[in-house]
Amino acid sequence: MQPFFSPFCCELDEQAERFGRPTREEEEEEMLRNDLKYYFMSPCEKYRARRQIPWKLGVQILKIIMITTQLVIFGLNNQIVVSYKEENAMAFKRLFLKGYGGVDEDDYSIAWYTQQDVHDGLFYLLDQYGNLRNLSVGPVSYAQEDSESLPIVICKELYKKGSKPFEEYYNIEVQTETVCITMNPISLQDDKWKRDNGSFFAVDFYRFINMKITFQLKGVNLHTIRAHELPDCYTFFVTIYLDNQGHSGLIKVYFEMNTVSSACKNWKISGTAQRNTHYVLIFDSFVILICLTSAVLCTRSMILAIKLLQRFSRFFRVNYKRKICKADQKEFLNGWYVMVIISDVLAIIGSILKMEIQSKNLTSYAVCSIFLGTSTLLAWVGVIRYLGYFQTYNVLILTMQAAFPKVLRFCCCAGMIYLGYTFCGWIVLGPYHEKFEGLSRVAECLFSLVNGDDMFPTFAQFHEKSILVWLFSRVYLYSFISLFIYMVLSLFIALITDSYETIKNYQKNGFPMTDLQKFLREQRDFTCSEGSRQVESNYWALCCCRRYARTPKGGSVPQLRLQ
């Protein structure tokens, strides 16, 4: 059924057409065209067109400044914490490990080779632990629970039964047993404990597998006071592990320390520490507010873009009986907004964690660092969006976008070869070279070789213990270096160069026209050209490339720009 006002509207349209005035369809089309032009304008063009202040741009600039400042403040504080933990770990190694020279021998701290070394090392450790308060120059004490010092726990694991090896005869039972003792720090201050526990330390080394010594210490980081912060109190969970699983005549001694921080109790700090802490919390609150504002503005822009896309799609379907091209649909899908929103969410989470750490309620420095670091990275990458409005930086951005899909596919193929060399190098060369002992170390070594680093030492460290392995190592290294440096890297550069030349050619001769471009230029031939189809199939990342192009002088139609 036709609406009752339909004849009246048609009569008005006929009168408007008779007197040269635009019809209702023409007004709707012109309004849509103006909205599309305004949407694809840069912030400066929008200000000149409607005197609308670019709030989103201002918020982004303010956000970058604030989250970068927040990151620097947190990083400086984190350096103090990391330095404090590393220095305490070094001090404990020198205090408790007899013969420790200040540098770990390998992945373990020190090694003992004789039975006397083991006995002397254990007795030295326990004597040092018992006299810790008289030895340590730092504010370190025993951890306490209910006003009593927590004991040190020593557990040794041995084969259940066995006899001393005699010539070629070795009788051992694979079942193991674990024996533990605990000793209070006060009881270690005299030599009585050595007589009472002599049987425990009389180790049968042919049965001995490992020994684990665990204890807890307390410390306070007073350095934070100089940084105008409240001090942190720490609990050090120290584990000293003696490894004899290989029974190779070498007992490896591992030192591990886990640290948990907490708010110091019953401390009186005079000065500005507490007040400065409040200032930092207020600053973090402002960062959260700015990030929320940024996320809301970007979400609003994405919703408006989707509505504008629906209007444009509906207009084409009704008036031209066709769907718009995929390249035109991608013009409205702004990946920069998604990245900014992700950055805002990460910054908000990181700021909340930072405030909790500042208030001594959390100790997750690593997690907070990941959130703050990633958000700052994405925020600074988002600056590229605004650099795209300048012709000088335009080519670089478009080349990166055009080359990315091809480079990604190329890296997937090259990665298969890289993984093959990684597994081969690990299994064949691992026993003969320290850089090939683990899969991750092999991958890192090969990556450094691709970049031309550390080539001669890698070749020179292969000793001629086996002529066959030595010859294989030469074939392996020469083939890998030749393949990846002379072929893979050259092809990698060629892909980027090809994309660069394509962009330069497009900028010189013009980008392929799509329906959206033609509509903005008031053209009526709405057919996706072959050039446009090539852009869609080969350069999907270039669907927004025309957004960066400069507006021709004297032209009234703005080029599509990244919002």
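Cβ atoms here come from the backbone N, Cα and C positions, even for glycine.
What TrEMBL annotates here:
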DOMAIN    81-265  domain 'Mucolipin extracytosolic'
TRANSMEM  286-310  transmembrane segment
TRANSMEM  331-352  transmembrane segment
TRANSMEM  364-387  transmembrane segment
DOMAIN    367-503  domain 'Polycystin cation channel PKD1/PKD2'
TRANSMEM  407-429  transmembrane segment
TRANSMEM  475-496  transmembrane segment
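Between the transmembrane segment (286-310) and the stretches 331-352, 364-387, 407-429, the greatest number of Cβ pairs separated by less than 8 Å involves 331-352. If you take every residue in the domain 'Polycystin cation channel PKD1/PKD2' (367-503) and average the pLDDT, you get 86. Listed as Cβ neighbours of the transmembrane segment (475-496) (distance under 8 Å, sequence separation of 6 or more from its ends, same chain) are residues 399, 403, 406-407, 410, 414, 417-418, 421, 424-425, 428-429, 446, 449-450, 452, 455, 458-459. When DSSP labels each residue, the domain 'Polycystin cation channel PKD1/PKD2' (367-503) comes out as 120 helix, 0 strand, 17 coil, counted as helix, strand and coil in that order.
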